[in-house]
Each structure stands twice: as C-alpha cells, then as structure tokens.
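Visitor: Dropping the structure in here first, questions after.
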Amino acid sequence: MDYRVEKDTIGEIQVPADKYWGAQTQRSKQNFPIGNEKMPVEIIKAFAILKRSTAEANFELGLMERDKMEAIQYAADQVLNDSLTDHFPLVVWQTGSGTQSNMNVNEVLAFVGNKWLQEQGSDLKLHPNDDVNKSQSSNDTYPTAMHIAAVLKLEDTVLPALSQLKNTFAEKQSAFENIVKIGRTHLQDATPLTLGQEISGWHRMLEKSETMISESLEHLRELAIGGTAVGTGLNAHPDFSEKVCKAISTFTNKKFISAKNKFHSLTSHDETVYAHGALKGLAADLMKIANDVRWLASGPRCGIGEITIPANEPGSSIMPGKVNPTQSEAVTMVVTQVMGNDAAIGFAASQGNFELNVFKPVIAYNFLQSSQLLADSIISFDERCAVGIEPNHEQIEKNLNDSLMLVTALNPHIGYENAAKIAKKAFADNSTLKETAVELGLLTEEQFDEYVNPEEMTYPK
C-alpha cells in the first residue's frame, strides 16, 4: 500500500495515499480499534450540512474568502451525495466529545476543497482547523450535528412510517366497525366490543406517539453552534450562531434556531433524552400492538384465531404447513433494542461533568439506531402484516357466543350477585347463560334475549 505523510501537533504519521483524511483521523483509527460500529452516516452528513453553513456564515461576516467558502461547500456537497463514504472510517468508540469525527470531516473537506481550488486556478489553500473549523469547536459542532441528524431522521423517516401504519389502522377500524367480538381483560373474557373499536385503540396509540415525537422535535431544533469550547463563544463572532442556524434552516428547509443557553447545550443532552423517550413510548405501543395481533391470530385451530394475517414464509423447519407471526416477532425484537438504547442514552446523558458531556457519540449512535429500526420495522409490519389483517367471522362468533361475560348486561336488571350466580352455574354445568338464567328462575327466555344483545353492548345508550 502506498502512503503519504501527514502531520499534526503530535508529529508525522503515515496515511494511505488513496484516502482523503489527515493525521488526526489516522491517529484515531489506530488508537481506537474497538468494535465495528462506525460513526453513523447521518452524523457525517449532518456535519457536512453544518460545515457548509459555517463557511457561509464566516463569509457573510467577512471572516472568509468567497473561494474558500465555495470550496468547503463543494466538498460538503460531495459528502451529502455519498461520493466520499469511504473516507469516514472512525468508530463510535472514540473520544466522548466526538472531536476525532469532527476532525475527520474537517480533514476530508479540506482535502477535497483544496483539489477544487487547484482546479479553479486559485492560490488559496484550506486548513482543516483554521478554515473548515473556523469559529467552531468540536464541543459545539458535535452536539449541533447530533440535533441536525435527529431532526432529519425523525421528520423524514420515523414520522412518515408512523403515519403509514396509522392510516392502515384507520382503514381497518372503519372496515371492521360492525364486527362484534368478545373483549378481554387480564387475558380473561370480558364484555363485547367491535373489532373496529379494538383497532381504534391501536390507531389512537400511534396518533399520540406522533404528537409526542413532534413535540420533542421542537427542543431538538435548538443548536449548540456558537458556544465553541465551553459555551462562552470564544473565537466566534457574536452573530455567528444566528447566521449558521439560518443557513442550516435554508439548506434543509427545516426550522433550526440558536440555543438560548450554550452552557446548557454543551453539557446536557436532555432534549435527546426527551425525544428518545417519545420513541420509547412508540416502542411500548408497538409491543402491545404486535402482541395483540399475534395473540388474536394464534391458531389456526387451537388458539384464539379471531383474525388472520398474511402467510409470508414457512414458519418451521420441522413442522410442515406451520405459519408464524414473524412480522410481530421482528417488531417486538426491535422494541427490545429500543428499550435498551433508552437505558444507554439516559445513563450517558447523566454524565455531563462541568462544561461538557463526553458521551456524545454513544448517545447519537443509539438514538439514530432506534429511529431507523422503528421506522423500518413499522413499514415492514404495515406492508407485510397489518394491511392483510382480516376477521375470522366464524371464530369471532363462536367465541362471542361462548363467553360468560355477556352476563354483565344483566346487572341493571337482576343485580350483580344474581348475574354472578348465572355465570358460575353456566360454567360449572357447561350450559348457556340463557339456559341457566331460565333454570334459576331469574329470567324468561324473552327477557334474556331483550337484555343480552352483544351489538347493543358495544355502543351502550
């Protein structure tokens, strides 16, 4: 392999000749051979958005030549169109401020930008620190990149997926609104409801999650940029932060604002904890929905079997003809991972010592992983399971007629204790509620039919 020699304040170091990174990236690559978890591409692209915006702000403030700004923006755009993916090799497990990934971006943008400047016939030369990182510190750029990446991921990936499944449930709710089935509480038979009503609960869960995620976005829109090293803004123009946030907003077509208190935004990640809490809430709802679906579809002959779901693949390597609720199982595993990520994020966010939290990369990694897993699993569950949910009318009717909890409708007419007598005796004798009520002399057949109407029980007057 051919090498070139790069140097930093530590000294000289060999860098592969075909790579665009510099000395600090190479040192990090050698010093942290830990795991396979690369710095998320969403963070790298967020950095690219940030760097092209800081260059614009520095130019507008008279702190940078136009050619240098354009060179940085050209290089940043190459990152955004995935042309430079191979030049960002660093793992998550590095310095807790993300300094080495900030420098990785600075070095690559300087390298590519300098090639562009040469092609333009310019004598100017970009320096990773003095130009690409001008008016910045890793301490304010990394949390800024975290928030940019989080907002983009939630708005462009998670919320559209959530809306897709929510719309499917709205359609199923309407289609099944008149199918009366038995309800269940404590895993035991309860009073009737319609299948549409049951699914309406799932729909409302997703509506609430959508609202909570959207609310959390407002806090993530605050950016730390301009705080530099400890929050004071040393070496940054007083108007730098506002101009950068405006440039980011214009470029992304999304709202971003300068954080009110930069001391807070460097050492605290409560906004990310809050936003991931909303994702955890969504995950909890998805666990409930996925479990309900697989229980209701259990069988086909010896389970509840009140709905059918698509048969996407063979379910067993030993039992012929078996079909399993695999989409539900995938969702529940994703939920498990998200719950674990939430614990990691919460602990990491609690470790802000003095002016800086140094758990930033692991917070970003887990947040973005949760977001992507949730979005992917929601879409997969929707397209390969939810849209294909259909009622099993025969089983629904059988379970409804077999339920002893229809006796609840008799409470206003014969009292709770007499209704309980009917239910207990019917269960013991394996007889129907009507037969038992008549046998006990508590009701006539006509009275029973008048009082016990499952359809009317689902919409009581």
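Cβ atoms here come from the backbone N, Cα and C positions, even for glycine.
Under the heading substrate binding site, Swiss-Prot lists 97-99, 127-130, 137-139, T185, S317, 322-324. The active site, proton donor/acceptor annotation in Swiss-Prot covers H186. Taken from Swiss-Prot, the feature active site covers S316, and the record attributes it to sequence analysis. The site 'Important for catalytic activity' feature in Swiss-Prot is assigned to E329.
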Visitor: How many Å lie between the Cα of S97 (substrate binding site) and the Cα of E329 (site 'Important for catalytic activity')?
Guide: 36
Visitor: For T99 (substrate binding site), which DSSP three-state class applies?
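Guide: T99 (substrate binding site) sits in a helix per DSSP.
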Visitor: Please give me the recorded positions out of H186, K322, N324, E329 that lie within 10 Å of the residue listed as 'active site', comparing Cα atoms only.
Guide: K322, N324
Visitor: Have a look at the recorded positions (S138, S316) and report the one with the fewest Cβ neighbours inside 10 Å.
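Guide: Lowest Cβ count within 10 Å among the recorded positions (S138, S316) is S316.
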Visitor: Look up N324 (substrate binding site) in the DSSP assignment and reduce it to helix, strand or coil.
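Guide: Going by the DSSP assignment, N324 (substrate binding site) belongs to neither helix nor strand, so it counts as coil.
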Visitor: To the nearest Å, how far is the Cα of E329 (site 'Important for catalytic activity') from the Cα of S138 (substrate binding site)?
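Guide: If we compare the Cα positions of E329 (site 'Important for catalytic activity') and S138 (substrate binding site), the gap is 41 Å.
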Visitor: Could you tally the C-beta atoms, other than its own, that fall within 10 angstroms of the C-beta of P128 (substrate binding site)?
Guide: 24
Visitor: Could you tell me the C-alpha distance between D130 (substrate binding site) and H186 (active site, proton donor/acceptor) in angstrom, no decimals?
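Guide: Rounded to a whole number, the Cα-Cα distance is 65 Å.
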Visitor: If one measures from the C-alpha of K322 (substrate binding site) to the C-alpha of H186 (active site, proton donor/acceptor), what distance in angstrom results, rounded to a whole number?
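Guide: Cα-Cα distance, K322 (substrate binding site) to H186 (active site, proton donor/acceptor): 28 Å.
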Visitor: Below 8 Å Cβ to Cβ and six or more residues apart, same chain only. Which residues does that give for T99 (substrate binding site)?
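Guide: S138, Y142 - these are the non-local Cβ neighbours of T99 (substrate binding site), listed in sequence order.
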